[in-house]
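As recorded in TrEMBL, the features of this protein are as follows:
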type	residues	note
DOMAIN	61-452	domain 'Major facilitator superfamily (MFS) profile'
REGION	1-20	region 'Disordered'
TRANSMEM	62-80	transmembrane segment
TRANSMEM	92-112	transmembrane segment
TRANSMEM	124-142	transmembrane segment
TRANSMEM	148-173	transmembrane segment
TRANSMEM	185-205	transmembrane segment
TRANSMEM	211-233	transmembrane segment
TRANSMEM	273-298	transmembrane segment
TRANSMEM	310-329	transmembrane segment
TRANSMEM	338-357	transmembrane segment
TRANSMEM	363-380	transmembrane segment
TRANSMEM	392-415	transmembrane segment
TRANSMEM	427-448	transmembrane segment
């Protein structure tokens with residue numbers, strides 16, 4: 001008699017271990033486990049691959065927007081050095097030549113008003129390319145040179161195109177959730193770099209018989225910008241472009257967003273938007289007026305020669321440097337207090353330019369004014385993102401940027417009108433008053449607390 005020492009469970013296992021069905025089941029189970037085992041590394045590697053693609057797309061998009069702002073700066077730095085030659089070529093005074101600024105102003109207003117509706121209907125990618133294409137056409141019209149009324153029309157088209165690009169680029173970067181402040185500072189430093197480069201080129205063309213051929217160069221640069229924006233954003237909406245970089249858009253979400261309550265009404269009800277837009281108008285107006293009319297002031301009132309056009313490059317060089325070099329100081333003392341400090345010292349330097357009759361001293365002071373004014377616009381955009389409702393951020397940033405660019409035409413036009421009545425020496429006291437108004441508006445904005453989310 002043999003004793004079976006195996007327990008019930010062992011006998012059951014032995015029973016299960018017999019027969020061909022067990023082999024099939026075991027092999028299926030092994031294959032399943034092996035497949036799961038082999039899939040684990042693939043699954044764990046997928047997120048880094050997707051993240052790498054998103055980072056690459058983010059860099060490409062940011063580079064395209066930086067070039068867009070570079071060309072905007074290149075445009076703004078051109079008018080100052082060419083202004084005396086335009087007056088000479090068309091035999092016009094300060095008031096008439098200032099019509100160029102007012103036509104740009106009209107174009108900027110049209111861009112600010114039409115930006116929101118066009119973007120909602122056509123999408124971010126199509127509208128920003130349309131703005132660049134309009135800028136290219138404007139440069140092509142300006143290159144012959146045309147009759148003065150046609151040149152004014154070209155400046156209007158240019159202003160409209162610039163307003164669309166500026167509004168959309170700022171709104172896009174301000175809506176980012178990763179390194180938005182740093183990217184805003186870098187992008188506007190690139191704007192300053194463009195404004196730094198253009199006076200060197202414009203001053204050379206100013207001395208040539210075919211001075212208007214400067215616009216052929218800018219037309220080529222603008223054509224590259226159009227192709228770049230079309231290739232990178234592919235006519236897509238902002239939401240689709242943000243998904244490519246792993247971000248989400250909050251521009252159309254919120255308790256007030258509905259069919260009966262349009263974005264225009266929501267924007268106009270935001271008191272903060274109007275204060276920020278007023279500050280932007282004054283700031284951009286002061287910036288462009290210094291970069292433009294200071295050259296004429298130094299040539300006419302201080303006795304500087306044609307090389308005075310390089311002072312404009314010094315100003316925009318300081319502007320570029322300030323937007324990068326002062327980032328650490330902005331964080332140390334706080335962005336809100338930084339604008340008050342920079343504005344106070346900029347006013348002191350502007351008083352020196354007004355009251356001290358030294359050509360070299362004025363040139364140095366203007367460069368330091370650019371250094372101090374440089375960080376203000378990126379800080380403005382960052383504070384707008386911190387204060388305004390997130391579901392209206394992109395539209396509001398576009399509105400602020402669009403109204404701000406009105407200042408680049410309106411304030412220089414007012415400067416030209418004053419110069420016609422009181423002489424070119426009136427430029428400096430007017431700039432001091434404009435800077436004081438700018439700081440007064442910012443002191444009101446300081447009372448508005450940022451969102452806590």
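A Cβ is built for glycine as well, from the same backbone N, Cα and C atoms used for every other residue.
Unlike curated records, TrEMBL annotations are generated automatically.
When each of 92-112, 148-173, 211-233 is checked for Cβ pairs under 8 Å to the transmembrane segment (392-415), 92-112 comes out on top. The transmembrane segment (185-205) makes no contact with the transmembrane segment (427-448): fewer than 3 of their CB pairs lie within 8 A, with pairs spaced 6 or more apart in sequence. Same-chain residues lying 6+ beyond the ends of the transmembrane segment (124-142) with a Cβ under 8 Å from its Cβ atoms: 68, 71, 75, 111, 115, 118, 150-151, 153-155, 157-158, 160-165, 168-169, 172, 212, 215-216, 218-219, 222-223, 225-226, 229-230, 233-238, 240-241.
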